Amino acid sequence: MNMLIKRVIAIKNPRGDDNNNNKLSDLETLTDKCTTCPLTLMRVMAFFVVSFMLFSVLFSLSVVLRDPPSDAAISSTTTLFQLNQGLGSDDFDSVELLNDKLLGGLLADGFDEKSCLSRYQSAIFGKGLSGKPSSYLISRLRKYEARHKQCGPYTESYNKTVKELGSGQFSESVDCKYVVWISFSGLGNRILTLVSAFLYALLTDRVLLVDPGVDMTDLFCEPFPDASWFVPPDFPLNSHLNNFNQESNQCHGKILKTKSITNSTVPSFVYLHLAHDYDDHDKLFFCDEEQLFLQNVPLLIMKTDNYFIPSLFLMPSFEQELNDLFPKKEKVFHFLGRYLLHPTNNVWGLVVRYYDAYLAKVDERIGIQIRVFDTDPGPFQHVLDQVLACTLKESILPDVNREQNINSSSGTPKSKAVLITSLSSGYFEKVRDMYWEFPTETGEVVGIYQPSHEGYQQTQKQFHNQKAWAEMYLLSLTDVLVTSSWSTFGYVAQGLGGLKPWILYKPENRTAPNPPCQRAMSMEPCFHAPPFYDCKAKRGTDTGALVPHVRHCEDMSWGLKLVDN
């Protein structure tokens, strides 16, 4: 430092006269005294750095204590879901915000993120997977994606299959085999059956093609990279898909009943009728002997409104593969649903706007899904009584104090947001008014919200189904869930969210049941119409008592569901 000062002075005084030399001498003396200056400056700088860091920590603590962050969402200032500015912000490249956007390897990388924002943004809500998928499942999904790319619409293999389908002549060896899923029934049923059909395709090395129906492309993103899963508009059988039934000559059940095809004959395609009204011959689909016949058929057309996966777990030919794919049996729909089902940007906008406005900044989110199977839309007092009896008895919601106007508890109250979904607004209004008119006994602040109330189910209306899909997804983002018996709407929400819900028993004679609800054994949906047949013994049997991981459902005594051993 001394040499630097001397050089500066030398430049300023090139003549070097005596007067200036005296000044230089004085300055040299001064600089000699400042040899310890760097140490002093360093100490001062260190003091300011430490002070700044301490201030930052104290400021952060004050923010956290004043407004505790939610476990399941980031604050509205960082959700980045400003739809009017475009959902596809580059800020989503941040590793911290994405929070393992690939869900532990379940999802494939390489998609155009802006085309389907929900695929990678769902992790922002803190709703990662409930558990870790097996490495075998992940590897099989990657292999399936490669097969789908090789065999998908308009590939060489697909074009060959379509050509042979038109001629009725199939070569003995085909590179690709297909299962075509027919869009059928309500949205909840369609979601459950879509996952069922995909698992069947995975088990049988087939490629899944999805009938777009009237609205599937408006609801769901493409799940597989580089190839569509939707049946092309020029598929030869498109005009017949909605007409197939049990009387069709290509129906598997009718083929067995009439013995119209021998084992040596391979039809160009077979129609599988697996809907709730299927008969005993149709149900033989779940026997290994019939799978041996079907494995040679190049194209299977499937119509179902049932989540039939539990019965696949009872088939010896699939047993080992399923055990390897899903060591935890209750997470089949959870893993496959999170892999396959990504809301389109329109639906995702509904989800994030509502979540950010009403659910993001609370301590706990509670979902209550009310479905009444009655010709009268309601609301019904006995249903309201049952909902309140369940939620208060199980301490899901706090009771109210009808004797006081103001709660006198001190401290920062805990906040709860209650999301109610129902075709009627009556239940929402009653619960909302209760928490408006009276304080809670616990001092908690309870907000009641309902996104829509359509009055009745409108299966074929596009925006109705978009809102229904958004509400299922919102329910899946809650911390505690209450669902209605028999409802596929609730099954989808619990499965996607990895939640074991409290299930409201189905009322009889318009009377609230006692007890009002029961905790689910697992997060898996219920198969409402399973077969009760022992394929090996060729006689009827209780299929809910054959293996430890397939049991009868809580809400439907004859149904089947997967549970952990």
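Counting starts with 1 at the first residue shown.
Cβ coordinates come from backbone N, Cα and C, glycine included.
Listed in Swiss-Prot:
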- N159: N-linked glycosylation site (CARBOHYD)
- N263: N-linked glycosylation site (CARBOHYD)
- N407: N-linked glycosylation site (CARBOHYD)
- N509: N-linked glycosylation site (CARBOHYD)
- 1-43: topological domain 'Cytoplasmic' (TOPO_DOM)
- 65-565: topological domain 'Lumenal' (TOPO_DOM)
- 44-64: transmembrane segment (TRANSMEM)
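Distance noted between the C-alpha atoms of N159 (N-linked glycosylation site) and N509 (N-linked glycosylation site) is 56 Å. Cβ-based neighbour count (10 Å, all protein chains) for N509 (N-linked glycosylation site) stands at 5. Fewest other C-beta atoms within 10 angstroms, among the glycosylation sites N159, N407, are seen around N159.
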